[in-house]
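Shown next, in structure tokens, is the structure this report addresses.
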Amino acid sequence: MANDREVLREIWEGRLPICFQLDSEEVYDLQAPDPYYLMVPRLSYFPLVTDKIRKHFIRHVHPDKQEAEMWLDYNGQPLKWWIYNCLGISQFTLTSSPRMNCCIVPADAVESHFMACVKEADVLKHRSQVVSNMQKKDHNQLWLGLQNDKFDQFWAVNRKLMEASADEAFKYIPFRCYHGDEAFVQRLVRPVTEEGHRKTLKDLVREVFPEESEVRVITHGIEPPCETPLQWMSEHLSYPDNFLHLYM
């Protein structure tokens with residue numbers, strides 16, 4: 001079970017300072033509105049933090065679009081709403097600001113995506129035994145904890161997903177590697193060798209990118225030591241969807 005609670009809390013409380021601007025094509029007034037500055041949670045999704053942005057810009061948008069959902073782009077490239085804020089931003093060098101645009105997006109799309117990832121991660125770690133034993137109220141609490149940025153509410157349920165027996169690690173480590181603009185890479189990697197020795201981050205990189213001699217791995221804005229055990233990383237450095245998201 002994840003027991004370094006301060007590590008978990010420090011990661012949870014991470015924030016990103018972002019300046020938002022309304023796309024010039026969406027401006028309905030004669031003059032563009034002022035930018036909007038916001039500290040957003042690193043571990044949230046952009047659609048969950050856009051209420052304040054909407055309130056700031058909405059009166060400057062055409063009335064026909066004021067009920068539409070918003071989306072963001074940076075230098076003409078849409079920011080993917082289904083990946084975490086810090087991952088979306090880390091793909092770019094922010095010399096300017098994300099721009100707000102208007103479109104229609106299903107309101108429950110983020111929750112559905114999030115829960116699908118949690119279930120996939122549990123299949124990899126516990127053969128789906130934990131999620132299948134949870135009740136609907138547990139799923140709701142997990143989601144509401146993330147949505148409302150409530151650490152204790154979220155981890156009261158998520159700790160069950162991070163438990164491993166005393167003498168047995170996870171079956172596989174849920175992770176996704178991001179390399180440039182390419183689609184993420186995902187493989188079946190066990191946390192221990194056939195001899196029972198703990199695998200490290202270095203072992204994962206060797207298995208996933210065997211032709212790469214030197215690869216830097218960033219997660220949560222830090223570069224973990226290459227000798228960090230995979231089991232510990234999965235328990236303490238996974239994102240709310242229970243996956244390790246590693247930017248190469």
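Cβ atoms are placed via backbone N, Cα and C, with glycine included.
Listed features, source TrEMBL:
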DOMAIN    11-82  domain 'Autophagy protein ATG5 UblA'
DOMAIN    108-163  domain 'Autophagy protein ATG5 alpha-helical bundle region'
DOMAIN    172-246  domain 'Autophagy protein ATG5 UblB'
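Note on the domain 'Autophagy protein ATG5 UblB' (172-246): DSSP counts are 15 helix, 15 strand, 45 coil. Confidence for the domain 'Autophagy protein ATG5 UblB' (172-246), expressed as mean pLDDT, is 92. Under DSSP, residues within the domain 'Autophagy protein ATG5 alpha-helical bundle region' (108-163) fall into helix, strand and coil as 46 helix, 0 strand, 10 coil. Secondary structure of the domain 'Autophagy protein ATG5 UblA' (11-82) per DSSP, as helix, strand and coil residue counts: 21 helix, 24 strand, 27 coil.
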